[in-house]
Each structure stands twice: as structure tokens, then as C-alpha cells.
Amino acid sequence: MAGADGDDSLYPIAVLIDELRNEDVQLRLNSIKKLSTIALALGVERTRTELLPFLTDTIYDEDEVLLALAEQLGNFTMLVGGPEYVHCLLPPLESLATVEETVVRDKAVESLRKISQEHSPVDLEVHFEPLVKRLASGDWFTSRTSACGLFSVCYPRVSSTVKAEIRQHFRTLCSDDTPMVRRAAASKLGEFAKVLELDYVKSDIISLFTALASDEQDSVRLLAVEACVSIATLLPQEDLETLVMPTLRQAAEDKSWRVRYMVADKFSELQKAVGPEITKNDLVPAFQNLLKDCEAEVRAAAANKVKEFCENLPEDNREQIIMTHILPCVKELVSDTNQHVKSALASVIMGLSTILGKENTIEHLLPLFLAQLKDECPEVRLNIISNLDCVNEVIGIRQLSQSLLPAIVELAEDAKWRVRLAIIEYMPLLAGQLGVEFFDEKLNTLCMAWLIDHVYAIREAATCNLMKLVEKFGAEWAQNTIVPKVLGMANDPNYLHRMTTLFCINALSEVCGQEITTKQMLPVVVKMASDQVANVRFNVAKSLQKIGPVLDNNALQTQVKPVLEQLKADSDMDVKYFAQEALTVLALA
Amino acid sequence: MMGDRPSPPRAMSSAATTSPSVDKVDGFSRKSVRKAKQKRSQSSSQFRSQGKPIELTPLPLLKDVPAPEQPELFLKKLQQCCTVFDFMDTLSDLKMKEYKRSTLNELVDYVTVSRGYLTEQAYPEVVKMVSHNIFRTLPPSDSNEFDPEEDEPTLEASWPHLQLVYEFFIRFLESQEFQPSIAKKYIDQKFVLQLLELFDSEDPRERDYLKTVLHRIYGKFLGLRAFIRKQINNIFLRFVYETEHFNGVAELLEILGSIINGFALPLKAEHKQFLVKVLIPLHTVRSLSLFHAQLAYCIVQFLEKDPTLTEPVIRGLLKFWPKTCSQKEVMFLGELEEILDVIEPTQFVKIQEPLFKQISRCVSSPHFQVAERALYYWNNEYIMSLIEENSSVILPIMFANLYRISKEHWNPAIVALVYNVLKAFMEMNSTLFDELTASYKSDRQREKKKEKEREELWKKLEDLELKRGLRSDGIIPT
């Protein structure tokens, strides 16, 4: 052993194991998390012969401890002596893979998958694959569930006899009588298909897929939809029609909305996997049905995919398909009864304009955008406004501005502060697209009004918004339009508004630059140092600290320092504190 | 004659009468917006392509035809009642909806009072009618974070018909002429599986009927019993380990409570496994409060059947003891007291050490409700007698925390309770009490010393790791 300078004897295993057995769960957990340190102290041989057997034997603990253990063991290969000994880690992980608690089991499986890669092909067959088989034929469902995740990692590296066995085990688990195991198998079906030889995909996987997709439990059927994507990707185009499509068609019309939801949710992936021809013949009508589904959940999931689906349609007749098949459904969704459907649609609908081009957009989409801008639900309006950039590129925002303005104004004055907050966040984006003139004319007053909102979060966001606007429009614009208004608030009778002035100065000084800061802002800040409200005064100290770096040394020495000295002698302890802090940070003390 | 029927035999849930839409102040959250909507249909995917109005040809009343013709007419009426209406559309098919309602009413009456109506041909038709009406995919829950304690349940829109169908089915199952040997051809595993899925219904009225239906089926179909238990197992395991969402857990537990009562002794391994691997883990679920009473009842039933299960049960509870949720901790303490009420002294001795270590932690909880609930154990005469018998073991476990709490708990009521407990201990075993008081300080010091040694050990270990790490550039030496 390399550490053979005598210090190994300092750490008798008993002491270390005592730590792992501590009565306090938290201490036990800490020890487990440092298991690698313990192993290091013991050296690889004693780790193998003493520590691991101990861990394997005493696996009855709180799930939290077991989770930590399962994770640790995944990184233990070097600590037991490298790949040739990695199989020593299998017994404790095998026990952990049978635990009830899902997170523990999943972590154990993850670690097993990880260390499977460190096994030599021989060890994989001698040690790892038997473990998988034991798990696959375990009594309680937990071990069989875990086994499902291990087939695909050993399959590619074992002999053909063992491969046949693995396929057989997987097949058995796909028809297990507990739905938990069937779900686990269904969720790994795609992954397993990927490592199988194409012939076996056709002969084995397809029949399993078909069976799982018509399982009596919808929770199993919906997982088969996920597998459908991988399987369809693996098969040559000419086999898809006979091997995959009947099942997919059935899933799209399943009586359970959960399965239809899954189809809607995976629609873009499915579309890519089956290719343009099948998309045209099958997926277009299926998508129409999903957009018209009787459950709002399904419609919302499908609405979310409208843009992606249209984008991925074969280009040769994309426009025609959209105009005749998709757009009529989309039009109906604009006035859906469910707000989540409308809002899902609103988050993607603008993307259609790039696909359909200027004329179609003006004629067909614009009326929809305008209707959504007037929707009763604020989320719908927000989603439209937040995606304006797509339309801007195609038709220019002017087309919308007449309707945009009332919508923005209404959101800006919404009774719910979260709505106001959301629209503020889009202001810089809007300003960029609408241009400075439009902004000054229509939106500037809104931005200033937010500064005196009665909700702090709005005032704060408004401050930050001003900074971003100045970044866009430049210091000169700031000097003319917003700085005077901001500084005017310093004389407001409400101390909260006076503080807003300071917060704005904090945000703006850097983007406005030294000249504006020194000539216009600093005098105001200095004046406020004798405000009668202590909160304003200590914010003066904080502001000075903040704008100090923008000022030149002369201003610092002649204007900032005296004020801070004065505040340092204030009667209020907070004012003193922040004045002192500012002096220190600015190195004026 | 028809007017006084059907009287819903079970207590109607208050939910049936409360208004569905109470708007919250902040309308921006998903929740309050959806609340403003009308009640939603639970009839989900049934009406995908029905646009046409439904026509049913009115049939004569059963009592108006001669007795020999009645069975035939009964079948016809059952067939008519297979037609399902869309109750979300409150305007469509009004006449036919009313016609079906009165027909169902008539059928309920008929199976209750008539004799000789139940021909062999009637069984499949009854099951078919019931299946057509009740089996459906339940709609999505209004919200992912549906909180059954806070939110109003979504009520089933088609309840005016559905209730009568359930009513009819129960009377059919309870009828004196009902023969399980014929019915088992139609009420099979697949039927039961679909029935169990309906327990996820958000409508408490429906779950209540389902409870009765399943209970009757369990009682009458011996061949389905094991299957029903196994499927309930699966539902619970999925609930605990996968979804944490299932509305009918309390109802299923209630049925199980009465089933456990009837288990034969010695208990089969299957039943013990159910207790340890399913019922105990149910305690870990977030929404425990919704079914805790029924769960605790099941647990106590098991222990009364077979006291030797006490140790694994209590160890299970201790393993899943809540770490952060005080409300759940209070529930655990309540359940534990129920268990202690029926515990045998020989079992108590086996489990007392880990048990009182936990109780000692609860007593010193900064949450006064937890501390209070634990301290109430000392008001329980039977528990007191057990503690007294074993005071030499329990007192040393409890002492340090009680002593500390008596000096520093923020809540005066807790301090007062702790004084009572200390006083009780002093009376039980004054010698030991005095010894513990005397050694309190030195014990604390010893603990501190041990703590320091631990820290040093770990420090050394970390130094070692650092040293080796440095020496071998991260490659661990062999």
C-alpha cells in the first residue's frame, strides 16, 4: 500500500464503522457522504474485504442514507482497486436496487449502469449479467423494475447466447402481472430497441411495443408512445407503415386523454421519426383531431406544437397544408373556452408568420393576433406581446401598433401586480422594436408611472427597466427624457418616491456616464443627505457608494467625502453604518 | 309510489351543495381563474363525435304489463339505459334525459321489490348497462396541485343518471335473487379493474357508492377476493412510489379495514407483506391527513389480529418518521398511541428503546403541538403502567431531553407538562432519578468530548485524503 508510512493503523475499521452506525441520522448521512474518505483511509484491499461486506450486510437504514450510499458506490471503482475489482461493488448495489423507495432504486440503477461500463466483457458475463437476471426474476416488483434499466447496458457487450437470454427476460417483464413493472419495461423499450440488432427489433420489439400500447392500463399505454419515437427512428421507411403506424394511429385516438396527451406532447418527435410521407397522410389529420380534442389538456399540448409541426412539414406543400388543414383549427383555438389552450397557442402562434410569409400573415394571422391581444385572459395577451419579434421580422410591427398600444396600456394598468410586472419585463424588447419615437410618444409615460406604483416589486422592476432603455437609446436620450423626471421625484412629499430617485440613480449612473452623473445626479444625492427620513439618508450613503466608481477623484474628495463624514455622525445607527461602509469601500476613510 | 324513491342511503356529502366558484382575490394565478368556470364534466372522452339528438322510444311502465311480460320489458329498459347523455350540454336532449332518469328510477324500484325478475339473460344486460354508464376515462384534474383539503372537488356532471345507476347496481347485488355463480361470468377481473380505477373520481358522492359496490362484490365473489386485494396493492404502490395522486385511498382503506377484520389466523404471508410493504409506506405520502384515520384503523386491526407484528410496524413508523412536517408528526404520535393502547407488554419490551428515543425527540420538539402530543402519553393510564414497569430503561432515555426542556422550552404549557412528567418519573424510581440528575452535567461533558474526538478523526481523515491526493495527482494509490 502506498500509504504505508504507518498511518493506516490509526484508522481501525471499527472506528470508521462506528461513524457509519452513529445513532444520529444526520451524522450517519455525513459519514456516508464521505465514504470515499473512509475507503481511502482503509486502502483498496480492506475496502474490498471489510468495508464492502459491512455495507452489504447492514443495508437497512433511512432512505436518505441509502440514497447517498447508492450514489457514492457509483464512483467507487478506483477505491476498490480499479476495473479488475469493480465487480466487488455489485452486491451492495444489488441490494439497493431492490429497495422500495424509488429514488434510492433509481440511483442504484444509475450507479450500476455507470460501473457496467467499467466491467471487462468477461466480468460482465460472469458477474454483471447474472445480477441482472437475479433482479429480473425477483419476487417483489422493485427488483424487476430495476432490472428493466440494466438490459440495455449489458446487451451490446455479451455473447449471442447471453443476448438471447436477455431478450427473453425483457420479454417476460413486458408482460409482468404488476403494472409497475410493465411501466418500467415500457419506459425502457425505446432504449433497449436502440441496442438490438435490426432483425430483433422487427421480430421482438414490435410485438412487445404493440402489446404494451394496448395494455389495459393507460399509464402503460402512454409510455409506449414515447418508445414509438425511438422505434420509428430505427426502422427503415418501408416498414413503418406496417409495423408502427397501426399502433400510433390507435394511440392518437385512445379513449384515455392521457395517452392522447402524450401523443400531442411528442408530436414533433413523432413527426421527425416517421418522415414526410406519413406525416402528410396520417399525422396531419391526427394533429387536426388533437387540436379539436374534447379535453383541454390535449388541445393545449397540441397547440404548443403548432409552430414546430408546421415548420417541419415537407416544404413542397407546406403552405397548402397549413392553410387548408391547420389554420382552420388554429382559428377555432383562438376563441377556445379554456385559457390554458389559448395561452399555449398564443405562445407559439406568432412563429407561423415566418413560415407563411408577409401576405398570408397580414390576411390570415393578423386578425388572430389582434383578437388575442384583446383576450380576456392577461396571460394570452402577454404571450402575444412577448413574441412580437417574430412578426416584426415579417410584416413590421407597425401593422400591429394600433392594437398593440391599447393592449399594452391595459396590461400596464392591470389590477394584478404580477401582470404589470410581466409587461414591464417586455418593455425593453418592445422599445427596441417600436423605435424611439413611438416609445417617447406612447410608452414613456407608462414607464415613468410605474416608478410610483404602490407595489415595491413594480417600482424595482421599473428602475431596472429604465436602465435597459438607456442601454438601448443612449445617454443623450436619457438626459433629455428620463433623468429630469427621475430627479424631480427627489422633492416628492412621499419618502418612498424620494427613495425611488436614489434607486434609479443607482441603476442609471453607470449607463449615463461620468458627466451626467457628476453634473446632474450627484447634486441631488448630496442634497438628499439632509432628508428628514433616516431610510432616505442611509440610502444616500448606499447610493454614493454605488455611484462613486463613476465619479472622478475631485468629486469624490470635495463632494462625496464631506457628505459621508456628515452621515457618519448621524444620530441613526443604520445611517452611520452605511456611511462608514461607503467610506471604506470608496477608500475615503 | 315513485316519488319517495330513490333515497340516497348514504349521507350526502356537503360538497354536493356548496357552490363551485368562489373567486380568489388574486385572479392571476391559474387556480382562481379556473375556479370561475362552471363545474366540469367528468364524462371526458365519451362524446367525441355525437352531434345528433338522441331518440329513445318510450316504453310502458313495468307495473302496467302482465307479470310474464315483465322480464322481457325489463331487458328492453336496460338496453335503453345504455344510452349515455352529455350533461355538459345542459340544453340538449332534455326530454330524453328525463325519460332515462325516470326509467332508471323505475328499475331501482323494480329490482328492490319484484320477485322472479332475475332471469339468466338479465345478468349480462345489467352488467352491460352498468358498464356503459359508469366506466369512463376520468377527466384531467383541474390542477396539478389539486389539494383535496383546500379545493372544492369537481362534481360529476352526469350525476342525476349516474347516481341512479349505482343505486340500481347495489340493489341488484343485494337482491335476494342475486346469484353470484351466474353473475361471475360477467362481473369478472376486467370489470373489477375498471371499477377500481373509478375510485380516483374527484366526486366524493361517487366514491361513496363505489365503496359499497366494491364491498358487496368482495363479499359475494370469493373467486375475486385475492385479485381485488392485489389490485388495491398495485394502486397503493403506484400512489406511494409513482404518482402521489389518487382520490380514493381513504375509501379503499375503509374497505380493507373490514376485510382485515375477517382474515383467518395465522395470517398468510401475503397479508403480512401487505402490512409491511404497502400500509406502512403509505405513511410517507404528503396527503396523509386525508386517509390517516382509515390507515391507522387498518394498522390497529392487524395488530389486534396478530400482536407479534407490533415490532415490525413500530420500526416501520420510526423509519418513516416525519422530519420536517410537524402536522404529520402529530398524526404519527396519535397513531402510535392507538397502537400502544393495544400493545402487549411482551411486545412493548422489544420495541421500547428505539420507540422512546423517538418520543424523547418529539418531547423536545420546538413545535409545541408535537411536544404536547407526545407529553399527553403520560396521561394515558395504560401507557403509564408500561412506562412504570420499564422505568429503568425508559427513564435514562428520556431524562436528558426532559431536563433540558424543563429549563429552556419557549412554551410555558410545555414546561408545565414536562414538570409533571419529571415528577411522575421521580415517584416511579427516585433512586435512578437522583443518579441521573447527579450525572447530568458530567454526561453532557462526556458527550461534548466524544463530539470533539469525532471532529478530530474526520479532520485527520481529510488531511490524509489531501495528502494522498497531492502525492499521486488525483490517482488513488493501490
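Cβ atoms are placed via backbone N, Cα and C, with glycine included.
Taking Cβ pairs closer than 8 Å, the repeat 'HEAT' (A:12-50) reaches residues 1, 3, 58, 61-62, 64-65, 68-69, 72, 75-76, 79-81, 85, 88 in its own chain, all 6 or more past its ends. Summarising the annotation, TrEMBL assigns repeat 'HEAT' to A:12-50 (among others).
Long-range Cβ contacts of the repeat 'HEAT' (A:89-127) within its own chain (Cβ-Cβ under 8 Å, at least 6 residues beyond either end) map to 52, 55-56, 59, 63, 66-67, 69-71, 73-77, 80, 83, 134-135, 138, 140, 142-143, 145-146, 149-150, 153-154, 157-159, 162. Under the heading repeat 'HEAT', TrEMBL lists A:89-127 (among others).
The feature domain 'Phosphatase 2A Regulatory Subunit A helical' is assigned by TrEMBL to A:89-270.
Beyond its flanks by at least six residues, the repeat 'HEAT' (A:166-204) meets 129, 132-133, 136-137, 141, 144-149, 151-152, 154-156, 158, 211-212, 215, 217, 219-220, 223-224, 226-231, 234-235, 239, 243 of its own chain at Cβ-Cβ distances under 8 Å. Residues annotated as repeat 'HEAT' in TrEMBL: A:166-204 (among others).
Sequence-distant contacts of the repeat 'HEAT' (A:205-243), counting only residues of its own chain at least 6 positions beyond either end whose CB sits under 8 Å from a CB of the stretch, comprise 170-171, 174-175, 179, 182-183, 185-187, 189-194, 196, 198, 250-251, 254, 256, 258-259, 261-263, 266, 269-270, 273-275, 277-278. Residues annotated as repeat 'HEAT' in TrEMBL: A:205-243 (among others).
Long-range contacts of the repeat 'HEAT' (A:244-282) within its own chain (CB-CB distance under 8 A, at least 6 residues past either end) are made by residues 206, 209-210, 213-214, 218-219, 221-222, 224-226, 228-233, 235, 237, 289-290, 293, 295, 297-298, 301-302, 304-305, 308-309, 312-314, 317, 321. The repeat 'HEAT' annotation in TrEMBL covers A:244-282 (among others).
When pLDDT is averaged over the repeat 'HEAT' (A:283-320), the result is 92. Among the features that TrEMBL reports, repeat 'HEAT' is placed at A:283-320 (among others).
What TrEMBL lists as repeat 'HEAT' is A:326-364 (among others). Cβ atoms under 8 Å from those of the repeat 'HEAT' (A:326-364) belong to residues 284, 287-288, 291-292, 296-297, 299-301, 303-311, 318-319, 371-372, 375, 377, 379-381, 383-384, 386-388, 390-391, 393-395, 399 of the same chain, restricted to positions at least 6 beyond its ends.
Long-range contacts of the repeat 'HEAT' (A:365-403) within the same chain: residues 330-331, 334-335, 339, 342-343, 345-354, 356-358, 410-411, 414, 416, 419, 422-423, 426, 429-430, 433-434, 438, each at least 6 residues beyond the stretch ends and with a Cβ under 8 Å from a Cβ of the stretch. Annotation source TrEMBL lists repeat 'HEAT' at A:365-403 (among others).
According to TrEMBL, the repeat 'HEAT' annotation covers A:404-442 (among others).
Look at TrEMBL and you will find A:482-520 (among others) tagged as repeat 'HEAT'. Distant neighbours of the repeat 'HEAT' (A:482-520): 444, 447-448, 451-452, 459-460, 463-464, 466-467, 469-471, 475, 527-528, 531, 533, 535-536, 539-540, 542-543, 546-547, 550-552, 555; these residues of the same chain sit at least 6 beyond its ends, with a Cβ under 8 Å from one of its Cβ atoms.
What TrEMBL records for A:521-559 (among others) is repeat 'HEAT'.
The repeat 'HEAT' annotation in TrEMBL covers A:560-589 (among others). Long-range neighbours of the repeat 'HEAT' (A:560-589) within the same chain, counting only residues 6 or more positions beyond its ends whose Cβ lies under 8 Å from a Cβ of the stretch, are 522, 526, 529, 534, 537-542, 544-545, 548, 551.
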Intrachain neighbours beyond the repeat 'HEAT' (A:283-320), with Cβ under 8 angstroms and 6 or more residues off its ends: 249, 252-253, 257, 260-261, 263-265, 267-268, 270-272, 274, 276, 326, 329-330, 332-333, 336-338, 340-341, 344-345, 347-349, 351-352, 355-357, 360
The repeat 'HEAT' (A:521-559): DSSP-derived helix, strand, coil residue counts: 32 helix, 0 strand, 7 coil
DSSP-assigned states of the repeat 'HEAT' (A:244-282) in counts, ordered helix, strand, coil: 33 helix, 0 strand, 6 coil
Residue numbers, six or more beyond the limits of the repeat 'HEAT' (A:521-559), whose CB comes under 8 Å of its CB atoms: 483, 487, 490, 495, 498-499, 501-503, 505-506, 508-510, 512-514, 566-567, 570, 572, 574-575, 577-579, 581-582, 585-586, 588
Three-state composition of the repeat 'HEAT' (A:326-364), taking helix and strand from DSSP: 35 helix, 0 strand, 4 coil
Structural state census, the repeat 'HEAT' (A:482-520) (DSSP three-state): 35 helix, 0 strand, 4 coil
DSSP helix/strand/coil residue counts for the repeat 'HEAT' (A:205-243): 33 helix, 0 strand, 6 coil
Residue distribution over DSSP helix, strand and coil in the repeat 'HEAT' (A:166-204): 33 helix, 0 strand, 6 coil
